[in-house]
Amino acid sequence: MATALKNLNEYNKDRFTDISGKTFGIVVAEWHEEITGVLCQGAVDTLLQHGAAKENIFVNTVPGSFELTLGAQFLAQQEEIDAVIVLGVVIKGDTKHDDYINHAVAQGITHVSMKYNKPVSFGLVTTNTLEQALDRAGGKHGNKGVEAAAAAIRMLSF
Ligand code: RBF
């Protein structure tokens, strides 16, 4: 579990497989894009640092986090894609939209992962405030895009 004391930014790289021949699909929500852009950069940098080829990383955007599931499915159904990384930011507001979106994405991408038997990483930042989201996109709680990429690599080593 990611807390102030523990998160996957300090992952154990010994457990990583060689990803030089692996292909990754990243789906990023455009809502709060100043934050999702940082998550995406963190994910891409992590894949590159661990040997993925630039031409094997496919980044696609969707309008909002609710659309992440279908975006993940479009990617996962492609045979050449080995793992999918889902990135978005949902911030609590006056209504319960966040609950509905977050649950839909969590269940939706789990389903995609099971259906296509591929890792689909959950990089959805779900916070009460904008500040908490910024803290998790290159701030004091690391970068959840990095963590999502690390989880995808780790699962390819399973
Ligand atoms: N999408 C996000 O990615 N993050 C949000 O914080 C977010 N807040 C929303 C708040 C409301 C009230 C609504 C209706 C939508 C919100 N969306 C958000 C967009 C949603 O994920 C989706 O793109 C739209 O509902 C269109 O299907």
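Glycine too: its Cβ is placed from the backbone N, Cα and C atoms.
Counting only same-chain residues six or more apart in sequence, the Cβ atoms lying under 8 angstroms from the Cβ of H97 (active site, proton donor) belong to V90. Sequence annotations record features per position, and here TrEMBL assigns active site, proton donor to H97.
The 5-amino-6-(D-ribitylamino)uracil binding site annotation in TrEMBL covers W31, S65, F66, E67, V89, V90, I91, F122. DSSP gives F122 (5-amino-6-(D-ribitylamino)uracil binding site) a strand state.
Under the heading (2S)-2-hydroxy-3-oxobutyl phosphate binding site, TrEMBL lists D94, T95, R136. Reduced to three states, the DSSP call for D94 ((2S)-2-hydroxy-3-oxobutyl phosphate binding site) is coil. Long-range Cβ contacts of D94 ((2S)-2-hydroxy-3-oxobutyl phosphate binding site) within its own chain (separation 6+, distance under 8 Å) are none.
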Residues near R136 ((2S)-2-hydroxy-3-oxobutyl phosphate binding site) in space but at least six apart in sequence (CB under 8 A): V125, T127, G142, N143, K144
Binding-site residues near ligand 1 among W31, F66, I91, D94, R136 (Cβ under 6 Å): W31, F66, I91
Residues that sit under 8 angstroms from V89 (5-amino-6-(D-ribitylamino)uracil binding site) by C-beta distance, when 6+ apart in the chain: A29, W31, H32, I35, T36, L39, S65, L124, V125, T127, A133, A137
Candidate with the highest Cβ count within 10 Å, taken from the binding-site residues S65, T95: S65
Length of the line joining the Cα atoms of F122 (5-amino-6-(D-ribitylamino)uracil binding site) and T95 ((2S)-2-hydroxy-3-oxobutyl phosphate binding site), in Å: 23
